[in-house]
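Data first, discussion second: the structure below is written as structure tokens.
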Ligand code: 0X9
Ligand code: ZN
């Protein structure tokens, strides 16, 4: 830094002990939990714990949920998807599809997916209208191998865990590996050592294939696609790959607007929203552009949940409740707006 005359400031002298402290706290908290009745607010859960929890819902809500395995991760972890209905037996309702943990280190994302599940099942009384004419499909963990790795080895890992052509560098960014405008301009990297490495070919990662197949399974019914990430307080709309705006941009903006307003009224939390390309940075081959460009989702969005913890990606357990309750206000308002605008 000094050689290049760059100003710098050390914010954290040594991060490792802090990461270990968080890990120890999490393990301690989980000793208190009565499986499989997990408490989303009191710990972070691993991929296999989340899968067990999804399976347990089948027993608790046999008429209202389905658990489908759409495939496996590179390291052969089963990738599961939960469908939630109101149990009225009506088929082919429009769908709200939510995914989490495309990026391994963004731990509030799976917690948020689990919180949404609990709101729709355990707190059904307050949320019935959201399931009257719509089904919800939720995949809490897409990047299962990367997520597991953040629990066991490297807390700030982002990518998948499949080796690349470079023996020094592992992993592909699932959110640059999708087959719509894949590799377009500066929105991704061809260097396997980069965090936004796009892979050798579109969909050369099992996890992207599985999420693609989930999306395509609901093609024609997909009215709202929402990808949960962190961090930054953004509602990011298509496109990521180009500065052009989609024809229905204003309609999607109205949905984001409903979410942002609901959050600011309830907590004063501030979200910025607009096209990814403008609001954040160019991205190519991401899930949201694919959902909109290929699957024809009516509304497609990436939600960047708020930063927390030391690095933004690593909230303390004590911060989970504030983060997920605030975010639910936004997700619920956006879902309601989608349902209002696009009745079945
Ligand atoms: O860069 C990304 O992949 C996402 N941000 S993150 O900090 N979670 O890595 C943003 C992708 C947004 N893309 C679209 N909405 N198209
Ligand atoms: Zn992300």
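For all residues, glycine too, the Cβ spot is worked out from N, Cα and C.
Annotated domain 'Peptidase M14' per TrEMBL: 43-338, in sequence order. Here TrEMBL flags 304 as active site, proton donor/acceptor.
Less than 8 angstroms from the CB of residue 304 (active site, proton donor/acceptor) sit 229, 230, 231, 232, 233, 234, 235, 236, 280, each of them six or more residues away in the same chain. Residue 304 (active site, proton donor/acceptor) falls within a strand segment according to DSSP.
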